[in-house]
Structure formats: C-alpha cells, structure tokens
Amino acid sequence: MKHYIVRPTTGRGWGLTLAFVVLIAAGIWPVIGWFNRACVVLGLPLIAVWAYVIVFACCGVMAIGNRLVERSCDDE
Amino acid sequence: MTSSVPIIMTLAYLGVAIFLGLRARTGRSMNSLEEWGVAGRSMGPVTLYLLIAAGSVSAYTFMGAPGWAYTKGVAVFYVVIYLSYLALVAWYFGPKVWAFGRRFGHVTQGAAIADRYESSLLGALAAGVMSIASLAYAVLQTIGAAYILHVMSAGRLPIWVGVLVVLSCIALYLYASGQRAIGITNAFQGVLMLAVAWAIGLWASQRFGGGLWFGDVFTTLRERDPAFLTLPGAQGDMSFAFWTTSIIVSMLSFMPPVWTQWMSASSARTIRRSATWLPSYYVVILPMVVVGFIGIYSLPELARADTVALELAMQQMPVWLVGLLGAGTLAASMSSCEPFLHSVALSYAKDIAQPAFKLSDAVAGKLARRLLLPIMALIVAPVAIAEPSNLVMILLVGLGFATQVLPAFIGMFFWTRASKLGVLSGIVVGFIVTLLFTLVWRNPLGIHAGFWGLVVNLPVFVMVSCLTRPASTAVITRFFAIAAPTRSRLNAESKDLASRG
C-alpha cells in the first residue's frame, strides 16, 4: 500500500487549518508577549482580555467551520 | 462560622445529584457496554456541551484558580486558553472518534488503539498507563470534595468521612446509570457552577472593589503590585516557555474520559455543535480568579493559597453564599471525578480483562460496572484518606505520560505508515524523559517535562515506524476512510481506473 500523510484537499480545508493554527499561535509565545503589559482594558488585565478574545475567536472559527463542513462533509 | 446552613445546602446539592443520577437509567439495561459505557451514543448537543464543560472544570476552578491568581497573578489565564484549544481538538477529532466507535464498535480509547495497530497488548498498555493519571486525578478531586464537606460542616465531618460520603454517592448513581448519570449530573453541576461562580465573584467585587465592575480590583492591583498583571507572574516562575509548553502539552493530552464523552454523542454533527460553543463556558473561571486577586489584600497572610475563596467566604460572606460556594465546589470536584472513575472501570474491563481472558462483550459489560466498586473501595478511597504528599507529582507524571501516547493518535488520524513498534518505542522513550525531567531535573530551561518527552518521542516514533511493519492494508483502509475520506475516495477511484485501463 502507498502510504500518505493526511492534509486538507480543498481551499476551504486549508483556510480552516490556517485559522486553527493562527488561533493556537495567538495564545502562545511570541504573540502572548505582545499583550504582556500591566494595563487594565475593559476592567480586566490585558492578558485576560486577550485570553477571552481567543475564547470567542475559537467559537467564531468553529461556527464558520460548521458551515463549511456541512457544505462538504468529507473535507479533511 | 457555626451556622448549619452551609452544610445543609451542600448536602441538599448531593441529594439532588443522587436523585438525577439514579433517574438517568430509566427503562434501560445497564449491563451492556454500549449503554453503561457510552449512553447508547444518544447525547444531544446541550447535554454534551455541559457534560464536557463540567467534566473539564474541576475543583481547580473554585480552589486552584483563585489560589494561582493570589500567588502568581494573570498566569492563571493560561487555563482559559488551553481549555478553549481543547474545544478545537474536540471539534476536529471528536467526529472522527465518534465515527470509529459507531462503525467499529469501540467504546474506549484503548479499543481504538488496539484496533488501529492490530495489537491488544498496545491497547492494554495504553489503557493501563492512562489509568494511572486518571486515578491520580480522581483521587485529587475526591480529596477536594472531602475537604469541602469538612469546611462546610465547620470541622464536624472529618476528611475520611467526607471521602466515604462522596464516593458512596458517586458509586450509587454511576453503578446504576453509567454514562447517562454522568451526562445528567454534569448538566446540573455545569449550570450550578456557572451560577455560583458569578454570584461569588460579583458579591466579592461589590464588597471589596466598591462595585460590580471588576475594573476597580485590577486598577488597585496595577497601582500597588503591577507584577501580578504580567508574566512571569508575581513569583517570577511562569515564564513564556512554561506558559507556552504547558498549553501545548495540555492540548495534546487525549485523556480517555474525553474520548468516551465524544463517543456518547448522538451524531458527529452534535459533537461539532457542542464543541463550537464550549469555550464560552470558560467565563466560569473569570469571577473566581477575581476573588483570588481580591484575596491578595484582604487575606495577605494566608497559609494555603488554594483556600483563598473558602477563607474569604467563611470570614466575610453571608451563610447562604457560603453554602452556595460549598455546593458549587463540590459539584466541580464530583463532575470531574465521575468521568475518570467510569473510564478507568470501562478500560480495565474492555481493554485489559476482555482480551486477557477472552470475555464476551456481555460479560465485559457486566464486569465494567462491577469493577467500579473495587476501584473506589480499594484504590481511590484509601489513597484519598491517606492524602499522600506526592500525589500532585504522581498526577504530573501521569499527565506527562498521557501526552506521550500522541503518536498513537497521529497514526490514527494523520499518518498511514505509523506502526505498532513505532508507537511503543515513542511511548517508552517519551515516558522515561518525562519521568526524569519531572523527578530529577525539573522542567529544564523552564520547559514543561511532557514537552521534553515529546521532543524525543516523536522522532523515535517516526524512525521506528519507517523501519518496521505497518498495520495491514485492510485496517489502514478502514480507518482512513473515516480519517481522510476524500483521500481514500481518490485512491479507490485511481485504483479502479488502473484496473480498467
């Protein structure tokens, strides 16, 4: 059998993969370092605000993903 | 505090949990693995949302998180981020795991590993070692639950009584209703925790910050101790490296109860829909973290940081709010303890006893239920009562090991060439490195020990896989028709064309 590594096969699949990678990068170094300041925004420390931006961005990306997946059920 | 109101409210919560858990089985036989193990794969999106959310929010939210805020500061928010990433993991992998279970009859993680690598030994090994982390986690939650009963009863209920009370309650409904009990009690516990956390947080902010707006708490903190608002935290021990690698390692730990939760869904779409909104639940952590920050000035001489919320409650809050905190914290402990106990019993019966003694599915199903009781009575209860000082260390090593099973999942979802020996070699070297970097040289360069384990594990896994025999074509085709449907279809079409031409 010819062996392979699974990867996205359509533009939508690649777009979604990229969005997941960007979300994960947003929560770790070096990106988190950009928000590492002792200031209070919207009543919360900047890192806390950024953490909750990531939380709701995750919801948003998955909601978009649902629409894409439901359109083409077999995208990897 | 001498009032009986807090303990009455906490025990009332226990009564409701038992009632709901026992009722969950209505009209179903719980002797089958499909029913007791994965609730007949019937859970809808709302139940699944609360099941996964409450399962991932442990006593840590009500004790550990305020404690971290109290000692380290904003470093505590790494938890919110990694829990959101776990939702991404559930969204991507959950539907595939569900499809494996549905089509191949898996009810445990070990069964999926054994099937993919055609090795019941590998499945049993993965299940056995994963159970170390799971049991350590369950013991920690039991200790937390017993401590809450001790505090709420003003010391009248000793820890050992608390352990027996909590485990007996869980045993009662888990034995009777299995995964259905976990689903319904977690739904109740999830709603309760959210309500309690916000009630406590808003009350504390009003009382100590001068209003419901958390901003006043943090503005004061910025002026007096700005180190609490940045990394590496007030104690200087949460570096960017540790923050980053902790998030990655936590995200890549596919713990067995989560696998079972995914398999309990009514459809792949249900998992996607509940995972989509799952991160929103983690607003539950914010108000409790604020309580921890408030404790920095209102309880400056605290001996144990993780008691900050409880101490603040006992000293300042009205009794009904103390009772709510007791019920909420107990709910958090139990909602995390139940799935781990259930999955260990399920794994021991399905992944270890069934292949070892050639048991039928019916016998393995009965055995899983019955194993629950000796696991609680002979392992969890004695260890929880003994409260070993190195339990957190056992848990850390266990979780580090859990991450080392990653190659098994890479071979299941991404790489057809992954072999049984490749996975085994990766696990063994990864575990040794994690063990050494946890016990001997702790987190070198400020990097999580489990991450160091992966750094060695993954290359070994790839090399050994390339040098050894992969699983049979039939198994690969079967698995990757689900993991990579488009690719599998294209392969089938090209083979078809070649045979015609």
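Think of each number as a place in line: the chain as shown, counted from 1.
Note that Cβ sites are derived from N, Cα and C of the backbone, with glycine treated the same way.
Sequence-distant contacts of the transmembrane segment (B:6-25) (same chain, six or more residues past either end, CB-CB distance under 8 Å): 148-149, 152-154, 156-157, 165, 169, 172-174, 176-178, 180-181, 183-185, 188-189, 192, 319-320, 322-324, 326-327, 330-331, 334. Annotation source TrEMBL lists transmembrane segment at B:6-25 (among others).
The transmembrane segment annotation in TrEMBL covers B:46-69 (among others).
Positions annotated as transmembrane segment by TrEMBL: B:121-151 (among others).
Per TrEMBL, transmembrane segment is recorded for B:157-175 (among others).
Taken from TrEMBL, the feature transmembrane segment covers B:187-204 (among others).
Residues or ranges marked as transmembrane segment in TrEMBL: B:240-259 (among others).
Per TrEMBL, the feature transmembrane segment maps to B:280-299 (among others). Outside the transmembrane segment (B:280-299), and at least 6 residues removed from its termini, the chain residues within Cβ reach (under 8 Å) are 49-50, 53, 57, 61-62, 65-70, 73, 76-77, 79-80, 83-84, 190, 193-194, 197-198, 200-202, 204-205, 208-209, 214, 217-218, 220-221, 224-225, 228, 308-309, 311-312, 315-316.
Residues annotated as transmembrane segment in TrEMBL: B:319-346 (among others).
Sequence-distant contacts of the transmembrane segment (B:367-385), counting only residues of its own chain at least 6 positions beyond either end whose CB sits under 8 Å from a CB of the stretch, comprise 30-31, 33, 36-37, 135, 138-139, 142-143, 146, 159-160, 163-164, 167, 170-171, 174-175, 178, 341-342, 344-346, 348-350, 353, 359, 391. Annotation source TrEMBL lists transmembrane segment at B:367-385 (among others).
Annotated transmembrane segment per TrEMBL: B:391-414 (among others), in sequence order.
The transmembrane segment annotation in TrEMBL covers B:421-441 (among others). Here the transmembrane segment (B:421-441) has Cβ contacts under 8 Å with residues 113, 117, 122, 125-126, 129, 393, 396-397, 400-401, 403-405, 407-408, 411, 449-450, 452-458, 460-466, 468-469 of the same chain, all six or more residues outside its ends.
Residues or ranges marked as transmembrane segment in TrEMBL: B:447-468 (among others). Within the chain carrying the transmembrane segment (B:447-468), a Cβ under 8 angstroms from the stretch's Cβ atoms is held by residues 241-242, 245-246, 248-249, 252-253, 396, 399-400, 403-404, 406-407, 410-411, 415, 417-423, 425-427, 429-431, 433-434, 437-438, all 6 or more beyond its ends.
Listed stretches B:157-175, B:240-259, B:319-346 were compared with the transmembrane segment (B:187-204); the greatest number of C-beta pairs under 8 angstroms is found for B:319-346. Annotation: stretch B:319-346 has the most Cβ pairs under 8 Å to the transmembrane segment (B:46-69), among B:121-151, B:157-175, B:240-259, B:319-346.
Listed stretches B:121-151, B:240-259, B:319-346 were compared with the transmembrane segment (B:157-175); the greatest number of C-beta pairs under 8 angstroms is found for B:121-151. Residues 52, 55, 75, 78, 81-82, 85-86, 89-90, 93, 97, 108-110, 112, 127, 130-131, 133-134, 231-232, 339-340, 342-344, 347, 399-400, 402-403, 405-406, 409, 443, 445-448, 450-451, 454 of the same chain sit 6 or more residues outside the transmembrane segment (B:240-259) yet have a Cβ under 8 Å from a Cβ within it.
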